[in-house]
2 protein chains.
Amino acid sequence: MSKEKPSIPKGTRDFGPAVVVKRNYIFGVIKRTFEKFGYLPLETPAMEQLSVLTGKYGDEGDQLIFKVLNSGDFLSKTTAADIEQGSKHLTRKISEKALRYDLTVPFARFVVMNRNEISFPFKRYQIQPVWRADRPQRGRYREFYQCDADVVGTNSLLCEAEIVQMIDEVLSTLGMTDFTIKINHRGVLAGIAEAIGEKGREGDICVAIDKLDKIGAEGVRKELLERGIAEPAVDKLEPLYDLKGSNQEILAQLQTLLGNTEEGQRGLKDLQEVWEYLDNLGSDALTTQNPSGQPRLQLDVTLARGLSYYTGCIFEVKVNNANMGSISGGGRYDNLTGMFGMPGVSGVGFSFGVDRIYDVLEELQLFPASSEVGTKVLIVQFDKESERYALPLLQKLRNAGIASELYPEPAKLKKQMGYADQKKIPFVLLVGSEEMASGKLKLRDMQTGEQDELYIDDIISQLKSEAN
Amino acid sequence: MSKEKPSIPKGTRDFGPAVVVKRNYIFGVIKRTFEKFGYLPLETPAMEQLSVLTGKYGDEGDQLIFKVLNSGDFLSKTTAADIEQGSKHLTRKISEKALRYDLTVPFARFVVMNRNEISFPFKRYQIQPVWRADRPQRGRYREFYQCDADVVGTNSLLCEAEIVQMIDEVLSTLGMTDFTIKINHRGVLAGIAEAIGEKGREGDICVAIDKLDKIGAEGVRKELLERGIAEPAVDKLEPLYDLKGSNQEILAQLQTLLGNTEEGQRGLKDLQEVWEYLDNLGSDALTTQNPSGQPRLQLDVTLARGLSYYTGCIFEVKVNNANMGSISGGGRYDNLTGMFGMPGVSGVGFSFGVDRIYDVLEELQLFPASSEVGTKVLIVQFDKESERYALPLLQKLRNAGIASELYPEPAKLKKQMGYADQKKIPFVLLVGSEEMASGKLKLRDMQTGEQDELYIDDIISQLKSEAN
């Protein structure tokens, strides 16, 4: 039996009580919003068949999938030749299962397996951990939660509008006031490529302009040229990096520029329709302004995202007053389940980056005190007699729904107070001989140090009103 | 790219929306109860170091741990000799991580790693999935949730009493009315072994009498004799299988029988103290009777559980009016963290079997209607005009906190109604030309088929009052 110091795998984390409670606060806000919009929860197993995952994330992705070793004598189905062919070949012989890499492929797999029972449009959300054998670094973990919502089986742009609303509502409810929901459309990007004389090259163009934030216009220019985009095309492209004006003015400018490209037309029409939906819904994303005076929803033609996947609107969210990358993103895709032989299922989805949202809320000090649930009051005991006296009080407090503890031993007062302190219990109830005689108990507010002498019923009223 | 029909690994499950919602209802009741008693949530990673798990569950357990293959060229650190030595040896060379097998070992590992930051007594609960490479069968899965609460760092029997209370509160809150919380003590079992002349043989005795329910007294007799317990000892043991009387009367009989064994004394003293605590707390477990006329808490000297682990009180819970094994169990242990070189940390813990509780609630039809959250009202649309009219209504409903959807396309009425039906949406709102003209909307109750004509504000009031 090993007696060495135990540790946890690189890139994984324990979440202690204080952190779990805060994370659950974020999950709670997200879930309630999803459900208000008709999305319902789905949970899939941590392990998927390796064959379900392989080939869905590109070669690099395949390398980052955690494979689970077959149980029992896994070598029994291998030959010497299998082993000679090396790790990559051998993997398929000794591993049939793997850990979930994202929530999208399991969702597609679920839809295909349950196509006959599902009523479309199917709106599901899923909040579960995923695992990636990435090199761990600051902010990048090998186990982390994804938090996805998708609707499949409809082309209605109401879904896009509602995604904007859900993002807006979640972030507002979490107390954020300075964020931008960027929106763009794959058709607009294709239209731009065509309009500048590089039809069909939107892939290369997007990879380059996606880096605008990081490497600036000069860097992007260099990369575009390296990727074989002609210099005159690059010249035509650059003015688009900072289109000026309101969203409607930008749409009008794009109309002039892309009006005679088919893809461009499609994109602009879709975007216009999303705006109409939001306008009709009276969405805050259009009417509430950031401190900079801009509405929260912003058309941004330099927004690119993973183009291979998306076919319509794309989204990304930036918190302007925090030092953090995108905290949410998504888009429309045409063919989610094609990978499993079920074509024609289009949909639109997005996800929240919960680790990043957590860090933003910490940075901006937006976690409410109420997100720090836990024991509300600790009864301190001095001896067997005060313990006996305290037990019915403890029961009364709990019957009133107040999370309460009685320190389980007559330990030194300092130790009991230290326990309350470390567990951030806001109130301590002292039951000594004087208190037992009078029935008036000492209630100490651990933050202010103030002490009141009160009957138990008054204590209960006070603690219950505190909770509201 | 594979186009074969996708599947999920044997022994794993997808949980669709209806099931997730019901499971979350159970988790919610459990969490709120744990928190009311001062237990706070902990989450540990799905993957642990293989060395942390190995050797903690016996040889058979080691075989059932899912091992994760090292990333990259895992063969590079192996030799031909490693491969010749077979799967078991090779595993340690190509796998360093494994999936969590239970929540107890990760908890012990967490306590040891954070011993200097933790304030003892440390009360934590943990609700997370675990994975076991068991042969799947009805009711046995390879991925299932455990739901543990433990307090470590105190010997106080108040903890045992509170565990009885938590079990009682959770099951009562879930609507169960006919269950028995069985309690016993390791000292009582040791005392019995001594009293019948087989001191130190309580291990064998327990393994045998643990099967009383399954194989009956005759079967147990046979097994005891096979295990080398002398026939006169077995004769003395058998009257204990059905001690008659109230808990206090049974305690008195045991006092006579075990009074002069040290271990028996320790057990009886502890049990007596647990009863005193519960009495002082006014616990329902003592005062509420089952339909059979017995209190919910029952001293049962034939309750054995995994003896190698427990050292004090042990618990097990049986639902009397459902066809199901134990749904909860636990006990006190002396040396949780000794396996990681940190001796002297005693504690007591228990867990709920959530899959079994789920089945019991289904069997007894105890899931409340409110556990079926989801969309409350679907607005049916007929054309672009009615969609436009419906959008502000949709927003009003959501602003009032009512989970609502607008069907995203002007599909056939039958299709839209079918969607509401399959998603079990209780109300449908019809917005046709008449309704738009009058402002009075048709609200149809999908269960009764009744239809009311109401203004939107009245609809909101009605749906909000339904929710309460």
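A Cβ is built for glycine as well, from the same backbone N, Cα and C atoms used for every other residue.
Summary of the site annotation: TrEMBL records L-histidine binding at B:Asp102, B:Leu103, B:Thr104, B:Gln146, B:Asp150, B:Arg305, B:Tyr309, B:Tyr310. Screening the candidates B:Arg115, B:Arg132, B:Arg135, B:Arg266 against this entry identifies B:Arg132 as the one listed for that site. B:Tyr310 (L-histidine binding site) counts 22 other C-beta atoms within 10 Å of its own C-beta, drawing on all protein chains shown. In the structure as shown, the Cβ atom of B:Asp102 (L-histidine binding site) sits within 10 Å of 17 other Cβ atoms. For B:Arg305 (L-histidine binding site), other Cβ atoms within 10 Å of its Cβ number 20. Taking all protein chains in view, 20 other C-beta atoms sit within 10 angstroms of the C-beta of B:Thr104 (L-histidine binding site). With a cut-off of 8 Å between CB atoms and residues at least 6 apart in sequence, the same chain places B:Asp102, B:Leu103, B:Gln126, B:Ile127, B:Gln128, B:Pro129, B:Val130, B:Ser351, B:Val354 near B:Gln146 (L-histidine binding site), listed in sequence order.
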